[in-house]
Amino acid sequence: MMMSNLKLGVDVIGAHNLFPKDGQGTSNAYVELYFDGQKHRTTIKDRDLNPVWNESFFFNISDPSRLHYLNLEAQAYSHNRSTNGRSFLGKVSLSGTSFVPHSDAVVLHFPMERRGIFSRVRGELGLKVYITDEASLKSSAASNDHPDNLDPALPRAMNVEHRSDKRHVFYNLPNSAQEHQHQHPQGPNQSSSLAAEQDNHNEHHHHYVPKHQVDEMRSEPARPSKLVHAHSIASAQPADFALKETSPHLGGGRVVGGRVIHKDKTATSTYDLVERMYFLYVRVVKARELPIMDITGSVDPFVEVRVGNYKGITRHFEKRQHPEWNQVFAFAKERMQASVLEVVVKDKDLLKDDYVGFVRFDINDVPLRVPPDSPLAPQWYRLEDKKGEKIKGELMLAVWIGTQADEAFSDAWHSDAAMPVDCSPAISAVLRSKVYHAPRLWYVRVNVIEAQDLIPTDKTRFPDVYVKAQLGNQVMKTRPCQARTLGAVWNEDFLFVVAEPFEDHLVLTVEDRVAPGKDEIVGRTYIPLNTVEKRADDHMIHARWYNLERPVIVDVDQLKREKFSMRIHLRVCLEGGYHVLDESTHYSSDLRPSARPLWRQPIGVLELGILNAVGLHPMKTREGRGTSDTFCVGKYGQKWVRTRTMVDNLCPKYNEQYTWEVFDPATVLTVGVFDNGQLGEKGNRDVKIGKIRIRLSTLETGRIYTHSYPLLVLHPTGVKKMGELHMAVRFTCISFANMLYQYSKPLLPKMHYVRPFSVMQQDMLRHQAVNIVAARLGRAEPPLRKEIIEFMSDTDSHLWSMRKSKANFFRMMTVFSGVIAVGKWFSDICSWRNPITTVLVHVLFLMLVCLPELILPTMFLYMFLIGLWNYRFRPRYPPHMNTKISQAEAVHPDELDEEFDTFPTTRNPDMVRLRYDRLRSVAGRIQTVIGDLATQGERFQALLSWRDPRATAIFVILCFIAAIVFFITPIQIVVALAGFFTMRHPRFRHRLPSVPVNFFRRLPARTDSML
């Protein structure tokens, strides 16, 4: 057997800020690499704490199937030439799950790790680790030694022998965004080696590869839905808008209290979050030797599949006796009223289609097939005429009964999603379910430094030049700079958003502002993005000079006279250490950086079952009655899912299940319901019906949440309930320790804190990211249109709304309500409203003053007990949109009209003037509050500023006296006296302000300096 060509490449770039080990403040550093029993080492860099190697090494991978379980270890040492010994400088360990292909690899600087408790290490090691399968590359074992740098005491690279009796299979690296595909369970055509690998590591992947099995389901009446109310009275809302807990019968059994009651303990199913639905599948593959039907000597065949009143039609071919369709039709068994399936071959004609032949099946004899059973092999069937006699021509078909777990489900034509009038392939395409993968987004940073040897068209004046950078439809410009020496300096940064694969070019144009409104192009350069360097941290990118090309052809003699060409100095890189925000930061579903090597292992699996919808409002009129053609869209991370469109149905049943990998619990799943606008006239927009958000950190792991979610939408006339969506959600944890560790990590990648963006930059980049995702998903089939992407991504969440401002104010008041309640309680204590309570507080206060070491233990013990007590009343349901918190119940109609106004406004001037005056009134109150806060702060500053010499003198003298008193008097006595004085009896109080308050209010502020 031949060995696999798969190799692990390691580029040792350099190290930074190493620990000195030679006693003279330096180190003789080198690096040893260990992987899969192989060992390589770099050259020795003498007397250098920041060595640079730029050396590449390649390791043979003996068994690619075990790649994820191997580790790469890089150990740095300092060589002592006097003793032929070595000192440990630090190590870096990388797991096999972080290895990526060469195209995705970037240079990462890893902090040095200790080998033991007493190891003294510091600094970073720069590595670039990747996987390649180029056969021309050889292992570095034979060529890695450097005789001039090796010392006899140092070990050389070891040659590793590989057994040739073991079969090696090449494995493509898995894409984490594709490990859980919608409704495509593993078929029997997978390689035996992969099956063996799954068997060997079943305990690590039991969440990913469950088995399919058919089990019977009783049609018992479902339990009545149970209303779920919030535990807070302040956030209570109408019962019609509340969440309803349900106990449906799903594929795995009945759900009661978030747990599944299995009827058959041995029965398991991947699709256990939806009701099992049975379909009659008909795969029309091809036909042969069809009889001639036209006078032209040919036939224009198409196939019509009929079950009772349901009919599916394939596309037709012109003049072909051996057509191939390979189309699948799915008929919902619960709606079938016939017992016979007819597959009819017809000849397309202008007036009336001609009858060619048919094949008839008894549905009771159709076999049942559920994955992981092998796909049913199609067979040839002889056509019959209307009399039942065999005729010339055969049709290849496969007919079986399956569930929504079948591989053919997503691409099939569905009877419950069929148009009553138009059943063309184009219409059928926009009705199917689909899984989309959004492109991986990157930030492109362009640093425009300077330009030299600029040659303007008018040499009688100094050019006033600026640089225009363009990437797709994103355009940015530098400030104008007057080039007095035929050179200009800007040193400005631009940021763009780009999606993989990098097909666009970065275009930089140097333009001369000849006159106001008139610019002339001086030079231009094109930079392909696939040649731009990627970086995952903030290390410096080397700047490069790029030649500027003239936009027009000039005189050849002039080109010969010009000795130098125009150049521009740029620093361009792809930022992989950031997460490109393409959705609202409050509802982010993915927080991973762009660079794949920085991704951590998934901590869990999110499963979503979209069951059905009830009580939907009609969104259109068809044949004189209201109806809807609805579908659902789910978004989490880079994976978008779309259910099939249920045509002409106000209570549709979807029963489709989807799965996502979870990398961070502080993320949000978003599910939207839409009305398909592509079934009528072209150019119609898909209409939004409602949206649901579920934050994963609020879910208990392993629990199945089955609820009916109200679809609440805010209209210009007020909040409306558009129906209810019944869903089942389960969050399964793979590694509980990793999930808890995730709570200690920053929410966003490191670069967001090292080199943060401004708020304006974030809004602009987010807008560009949404446009890129919408353009990419809009090219899929069926497309996810732009209005869907914008609605799911909350692109308008930053726009002004009086309703949202009120809601945020009351939210803030709710947050501080506890502090206000404590202040009110303490005021009652000080006023001796309840003497017994006040005396007890005095005793407790005296105990804490005498024993201050009990303050922190008492406080934390109190919070511990309160937390245990509240566990009994913990929420048992996912949070949902609350109309009372959103201030959507009693909102003024004019405020709603303002919220739905476009940007810029399209309302009449009188309405805009009225709203402007109202906004001025609100802003005036805010201005007053901010001014009062500033005044209090300036009075504190005036205590020691001698702005009021008498007040400052009094304060300084009091501070000196207080210092003497606090030095002489024990602090317990001072605190006790202050506490007793604060809680003194009302008989010893008066209503006038105290002396310190009077003194503070007399201090000057800068209000006198305001215009």
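A Cβ is built for glycine as well, from the same backbone N, Cα and C atoms used for every other residue.
Model, not experiment: these values are computed from the prediction.
Residues or ranges marked as domain 'C2 1' in Swiss-Prot (evidence: sequence analysis): 1-110. Confidence in the domain 'C2 1' (1-110), given as mean pLDDT, stands at 89.
For 178-201, the entry in Swiss-Prot reads region 'Disordered'.
What Swiss-Prot records for 261-381 is domain 'C2 2', and it gives sequence analysis as the kind of evidence.
Residues or ranges marked as domain 'C2 4' by Swiss-Prot: 587-709.
For the transmembrane segment (812-832), the list of distant contacts is 234, 838, 841, 982-986: same-chain residues at least six beyond its ends, Cβ to Cβ under 8 Å. According to Swiss-Prot, the feature transmembrane segment maps to 812-832 (among others), an assignment based on sequence analysis.
Annotation source Swiss-Prot lists transmembrane segment at 846-866 (among others), citing sequence analysis. Taking Cβ pairs closer than 8 Å, the transmembrane segment (846-866) reaches residues 972, 975-976, 979 in its own chain, all 6 or more past its ends.
Residues annotated as transmembrane segment in Swiss-Prot, with sequence analysis given as evidence: 954-974 (among others). For the transmembrane segment (954-974), same-chain residues at least 6 beyond its ends with a Cβ under 8 Å from one of its own Cβ atoms are 849-850, 852, 943-944, 999.
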